[in-house]
Amino acid sequence: MKPPILAIIMSTVISGTIMVLISSHWLTIWIGFEMNMLAIIPILMKKFNPRAMEASTKYFLTQATASMLLMLGIIINLLLTGQWTVLNMPNPIASNMMTVALAMKLGLSPFHFWVPEVTQGVPMSSGMILLTWQKIAPLSILYQIAPSMNPNLLTTMAIMSVLVGGWGGLNQTQLRKILAYSSIAHMGWMIAVTTYNLTLMLLNLTIYIAMTLGTFMLFMLNSSTTTLSLSHTWNKLPLIASLILMIMLSLGGLPPLSGFVPKWMIIHELTKNDMTIVATFMAMTALLNLYFYMRLTYATALTMFPSTNTMKMKWQFGSTKNTTLLPPLIVISTMLLPLTPMMLTLF
């Protein structure tokens, strides 16, 4: 894709999301979602092949259905209240319908089936946008309508998402599918705490986006798409291999790393609100996620070649990819735990 065209399309995607973020009128929010959806499809089909075409079609059909349900919820709310403002949602039917529509947009279980398929079918850079930027707009609407949503529905979807995100990734060898299931699980954690503490949802989203961007950038730098190609990193780029190890463990939520902060806070918040069983169940299913991240770290950093690479001339070309954002993302993804009190004050 030519740079000017890519710039125009990307600016449409960004302006669609910003329109959703700043609007307090349902119609402009819906228009923002539509702009964003229609502009992201050429980005998903950047490398044109049948697989990308199929993935883009699946994405379009799912998002169009979600938009239709969202508009139906908006119209029901309009007929009952006579106004378009976001914060006035007295009717449970309208609020449930909007919750389902936003769950489809986010890829929460049981509407998660498109996420792994679409992420696997598109290029790495498009998958990165899909699993990070595309989550911001629906979560901002959930943030605004949270008081009028059904907490039982949210908790059920959260538990299912964490479970699906854990079980689904266990048998995968494709990195994009693993990150897609990881995304489903992280969305489950965010939705679980939405009813009780919205600022924790924002904190979780921020750290999740930093970790996912860092992971995708490391995989893109290394041109890895499968566990097998990832296992060749140690011989070629030892530093990158150790960074992948750290970010993977952070995604799994191990204590000295940043990924532990949101999980710790969410479990604390849930137990404070007498949701001990849900918190325990979610902590246990997080172990499934940790297992497949550990598998990746084992493949990356702990499998050594039988003979060391003693050739003076490397046969691989050095990477020419731009890595400006990588160092700050890696720092954010791994070293935020000591700053937890400050983050809680800020959020």
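Each residue, glycine too, has its Cβ placed from N, Cα and C.
Taken from TrEMBL, the feature domain 'NADH:quinone oxidoreductase/Mrp antiporter transmembrane' covers 23-287.
Among the features that TrEMBL reports, domain 'NADH dehydrogenase subunit 2 C-terminal' is placed at 290-344.
According to TrEMBL, the feature transmembrane segment maps to 5-22 (among others).
Here TrEMBL flags 28-45 (among others) as transmembrane segment.
The transmembrane segment annotation in TrEMBL covers 66-87 (among others).
According to TrEMBL, the feature transmembrane segment maps to 152-171 (among others). Tertiary proximity for the transmembrane segment (152-171) is limited to same-chain residues at least six positions away from its ends with a CB under 8 Å from its CB atoms, namely 96, 99, 103, 108-110, 112, 116, 177-178, 181-189, 191-192, 194-195, 275, 278, 281-282, 285-289, 291-292.
The transmembrane segment annotation in TrEMBL covers 178-199 (among others).
As annotated by TrEMBL, transmembrane segment applies to 205-225 (among others).
Among the features that TrEMBL reports, transmembrane segment is placed at 237-257 (among others).
Residues 155, 158-159, 162-163, 165-167, 169-170, 172, 175, 178, 181-182, 185, 188-189, 192, 227-228, 230-231, 233-235, 241-242, 244-245, 248-249, 251-254, 263, 266-267, 270-271 of the same chain sit 6 or more residues outside the transmembrane segment (277-305) yet have a Cβ under 8 Å from a Cβ within it. The transmembrane segment feature in TrEMBL is assigned to 277-305 (among others).
Beyond the ends of the transmembrane segment (325-344), by six or more residues, the same chain brings 203, 207, 210-211, 213-215, 217-218, 221, 243, 246-247, 250, 255-261, 265 to within a C-beta distance below 8 angstroms of the stretch. Among the features that TrEMBL reports, transmembrane segment is placed at 325-344 (among others).
Taking Cβ pairs closer than 8 Å, the transmembrane segment (5-22) reaches residues 28-29, 31-40, 42-43, 46, 129, 133, 136-137, 140-141 in its own chain, all 6 or more past its ends. For the transmembrane segment (66-87), same-chain residues at least 6 beyond its ends with a Cβ under 8 Å from one of its own Cβ atoms are 23-27, 29-30, 33-34, 37, 93-98, 100-102, 104-105, 111, 141, 144-145.
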